[in-house]
Amino acid sequence: MKSQTKSSKVNRAWLNDHVNDTYVKLAKLEGYRARAAYKLKEIDETLGLIKPGQLVVDLGSTPGAWSQYVRRKMSPKTATGGGAAVGALNGTIIALDILPMEPVEGVVFLQGDFRESDVLLQLEAEMKGRQADLVLSDMAPNLSGIDSADAARIENLVELALEFAQNHMKPEGALVAKVFHGASYDPLVKRFKETFLLVKRIKPKASRDKSSETFLVGLGLKPH
């Protein structure tokens, strides 16, 4: 009974934080599906990553807030006060997730497990022989609470995003990947530094204070 009471208190506290969250309110006002859009927005505004005409691959895309943000950046006219982007899409956005995603106008969505070769082949087919300008990875595993197992799962997903970027991204392109502080963090930073000419670590203001997430941004591939 005590555990149930504790759990309900935790759930109520989370719900209270969520309802009163500035970014949750802003997302509703501006028509984004999740507050995560503002994490990418800050990273983009800091580094100037997203430009019209690009090919952007969004890994771990559901519910679609990052794809929505990219979609708006690739329109000749951006919507104000919420709603969808205005005007034709100038660029290509391919989103992928193991979970379903409600359509985002102009975005190609593939549902499947990025770890499976046939899903990767579908993604390559949608790229039509082009290399990506930008790869986004908001992929995160289901965490077990066992540090060593969770670290391995996190590291595996980021390694897959790194491998994809090395093989399918322009040399001058960029990779944005979500990582978590813990046993996998330092090895992943090392891998990024081995792979990219410049590496930035950003914890956006929209990341919750209690969250251990950080985003690694790799700019420009080193020859391999």
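Cβ from N, Cα, C; glycine included.
As recorded in Swiss-Prot:
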type	residues	note
ACT_SITE	LYS178	active site, proton acceptor
BINDING	GLY64, TRP66, ASP97, ASP113, ASP138	S-adenosyl-L-methionine binding site
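A map of Swiss-Prot features onto the structure.
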residue	record	contacts (Cβ under 8 Å, 6+ apart)
GLY64	S-adenosyl-L-methionine binding site	ARG33, ALA34, ALA95, MET101, GLU102, VAL104, VAL107
TRP66	S-adenosyl-L-methionine binding site	ALA36, ALA37, LEU40, ASP58, LEU136, ASP138
ASP97	S-adenosyl-L-methionine binding site	LEU59, GLY60, SER61, THR62, PHE109, GLN111
ASP113	S-adenosyl-L-methionine binding site	ILE98, VAL119
LYS178	active site, proton acceptor	GLY60, SER137, ASP138, MET139, ALA140, VAL158, GLU213, THR214, PHE215
Over the residue list GLY64, TRP66, ASP97, ASP113, ASP138, recorded for S-adenosyl-L-methionine, what is the maximum interresidue Cα distance in Å? 19
For ASP113 (S-adenosyl-L-methionine binding site), which of the three DSSP-derived states applies: helix, strand, or coil? coil
Secondary structure of TRP66 (S-adenosyl-L-methionine binding site) (DSSP, helix/strand/coil): helix
Validating a neighbour-count step here. Other CB atoms within 10 A of the CB of ASP138 (S-adenosyl-L-methionine binding site): how many? 22
